[in-house]
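Data first, discussion second: the structure below is written as structure tokens.
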């Protein structure tokens, strides 16, 4: 039988022990992580230590070494071996800092082996323990008296020691029980070490920390131990070096803080851009207040006459040409992958992504639930161990069980696997990737703190603490695990592990969200994350993963609709973005169809010339309008077919934008041509075909001017590096060119047929029906032209109106210049979703509840010698490492998260590999017997077969393997599964972070840190830029290491980089693209207007003003500048050409005597056609787009196109006529010269005219 006694009268004298030798296992403890061997009660003299006993003491407790013949201790060699085994568990995580490891061993050596043990220890509890049939009194509890000075210094030397594999976690978080690293104090640290319920302490130790000079509560004769505790920046007596900066603040060099963010540009303490805009405004106002055509016409006249003469032949040949081009559509390839759309294959981000995905597995597929319970009230739980704790409403047992049931639901039949598939078939299983079971899958959630076991959640037990007995349950376990997620055993009598069932820790920020100051149990949200392998699309398992995600979404959506559901939640799957974009695209197709239908109806009605109700079916232009639409459609199809032939992929942006663009250009040209024909009077003796040719000769140069300018503009825009912009520019350029060619051929032929029908008074659609009412002899000017001639132009060009117009538009330009400097650059991913998408709710929850950002990997390329001492020191952050090593610089960056956007420092396989090799831990051992002699022996192998350490301890204590040792043991480290005996094993954390070639050289490796929470594209872009700056700085330092290749590089990789890299250069890219579009517009205008530079400059100025004002309005209307906006701005240049160039040419050709009258004539004649053809063609279709569900369509197609159209109309029909009225033009060509050319042709080519007349007579018959 065993008995328990309370001791009170033990003597405390120098040179005496209170316990000695080992008695056996502590009978009070069960289910411990290590054998709880306790010492025997034995008040005796300290014993001399010699021989092997002395060597072991010197190795384990060197602070007692007084020489072999003069050293005494209160411990046997067996006790030293047990102490060594116990210390090795802590050494594995503390050995990075030799001073900390020394102090930690110092404390426990004082309690166990001090020759003056009786002066610092008071036994409080003993029991009879029987071992090998011998019963002895064993010590199962004692008090240890330590001075606060020693305790504080020891604690301070250890409190900043990190565990690299935990991505910035502190070693002390695993050694402070319920409090974790943040709330740990010296007393709490020692209390945990002396708590036998933690599974590590073999008996209860009550550490009493005593202030110097305070004898309260100290037994007589007891002297609180006050030895010298090393500071972390001190070397150890055994030769250990000072701790590194990452583990010891005192070791850090003086690092100047990063330069502050550049202040805004100011002048006179005012926004600098505003000042410049105001100065420019006054300068322009002051300046304002102070201040080859004949050949083309003849050529187009001949061409038009021929096309009108053989309409059916022309239509047939045009159809054949379009069919040949369009046949390529059978090979069309539609790009939907956002990476392929917005990131150029040769861009830096794409090259970095390709490198990462080639050498490492692609970033795993994330499927996530963020759950809240807003209606639930919280509760105060009075914990036996932790005191009153405020549990939020969602932290309730029934909700945790409901979450557990939800996460186990998903399984389905897979045709690809020909069996029922579940999570294990596609999951990311870091510790068992080859043949995973369901429990190997990396599922991060709160139930993982209970190993996804319902029994563990329901477990409860009575526990006594400080004389108080209460029930402890899931809440106590959860409180402990949220503070110490790396623990293999909690401190309650439940004795459960905190590690997930797949063998890794679940950090609190991955399981809960919406908390403050690490108050995890007050969190407002639970987070459930499934990680799936990201297979290549050609891999059959990719389809299984996609099917799993589809089933996941279905189950979650059904669960959300269930009225009994207790959660309010948001969710997403890896496939969600693509699914939602495709869904909204399909749903918005009818909107685009309606938009095109509205435009068609408008064109068909507006082109008609209505003189009386009786002739309405004769004078309507339904078929001509339909023909114009078909010409646009055919040009788009031909462009798409041609590029499909040659293998340039299309995209949804092209399908949505290019038809609008070509329709704007084409409709304008159609209106100008048709209205000019309707307003023209056939001359005596002139045939219909000749009239059409003559009219075409008048307007075709203007049509050529616009189409050629736009086409060249877009072809040059294809120089863009963005794939989406490049392909759009190519498709648009060819479509505009094809549209012009088809207008010059098929549409001229179609108009000729329609004119013949109209001349014969035949009804449209009912060609056999004639009307008796004859066509009026007077040309039809319609409603708009007389209105502009009589009212609009005189008012606009009034003396005072012109001044007001110039001032208003100058003010608009200057204001827009200021606003342009403040436009936001980026595209938030929420905008890609339709307004009713579940992803919008997910993004709201993500930004609200997530407390950490996306992972960022610092990736190293080939060319660096990791296996050299200099190479290891340039990377690691433990003792002996360079103060400005790779990981140390990342650590410095985390000191300024608001500037660096790095929140959590990087893990480091180099650091953990060095710690793993340290002979003071049990991680790296070799078999000394059996068939595997000399090979690696895992730490979980017990017995006497693995007595040799991989390395011997060097004199200076700095562990660095030789090149041979490095190459030999690295594979063992990477395949060693971490466990309690060796938490430094690299499997799971690093096995895929190091890539070696056949010769063993490391050709790629990565170090993972975490960004701060990033909530918009501006923050993502800034984080990318800062990470690149940091990586470049690291690269320069590492290239200085001997043996490093000059092209060695470190780069940051985040999965989002490919999307946000464009915003680093998009401003310059946009300026380049728009400038390259403006250049041909100016050149072509000058050439086609007879080298009229002044006209070209006015054209250019007005188009620039339209673009600048558009960007200004974008700022006011909350439209961000991005690649989609850039495409629209490039389109704006093209549409602006339509608004501007026709007016400029009409003004240049006018024969009126003054600038004002010429501007009035151009406004009435060409302005009416531009208004009807461009503005009124675009506006109805654009307004319909307001009904689209997709936010991208609403913002970048409805809003932005509306702005472009309205500003283009305002500048083309208001500002440009006024501007032209103030500038004198050199005479170029006028209508009389065109007429002279026409008369010359008619008089000199009598034979041609005779043949045409005879052909006309035959056609009438």
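Glycine too: its Cβ is placed from the backbone N, Cα and C atoms.
Since we're looking at a predicted model, the values are computed, not measured.
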In TrEMBL, which of 1032-1055, 1200-1223 is labelled transmembrane segment? 1200-1223
Transmembrane segment according to TrEMBL, located in which of 766-784, 823-841, 842-860: 842-860
Which is it, of 555-582, 695-722, 863-890, 891-918, that TrEMBL names as transmembrane segment? 695-722
So which range, 468-493, 494-519, 520-545, 728-753, gets flagged transmembrane segment in TrEMBL? 728-753
May I ask you to indicate which of 397-421, 422-446, 622-646 is given in TrEMBL as transmembrane segment? 622-646
Top partner of the transmembrane segment (803-822) among 622-646, 1168-1188, 1200-1223 - counted as Cβ pairs under 8 Å: 1200-1223
I'm a bit unsure how to read this: which one of 652-675, 695-722, 728-753, 842-860, 1168-1188 has the highest number of Cβ pairs shorter than 8 Å with the transmembrane segment (589-610)? 1168-1188
By a Cβ-Cβ criterion of under 8 Å, what residues six or more beyond either terminus of the transmembrane segment (842-860) are in contact with it? 352, 355-356, 368, 370, 372, 509, 513-515, 524-525, 527, 569-572, 576, 829-830, 833, 886, 890, 901-904, 906, 1002, 1004-1015, 1023, 1027, 1030-1031, 1034, 1038, 1048-1056
Please work out the mean pLDDT for the residues of the domain 'SSD' (588-753). 81
Check the transmembrane segment (652-675) against each of 308-329, 622-646, 1097-1119, 1168-1188 and return whichever range has the most CB pairs under 8 Å. 1168-1188
Which listed range (308-329, 695-722, 728-753, 1168-1188) shows the maximal number of Cβ pairs under 8 Å with respect to the transmembrane segment (622-646)? 728-753
Should anything in the same chain at least six residues away from the transmembrane segment (308-329) have a Cβ under 8 Å from its Cβ atoms, list it; otherwise answer none. 634, 637-646, 688-689, 692-693, 738, 742, 745-746, 748-753, 1252, 1255
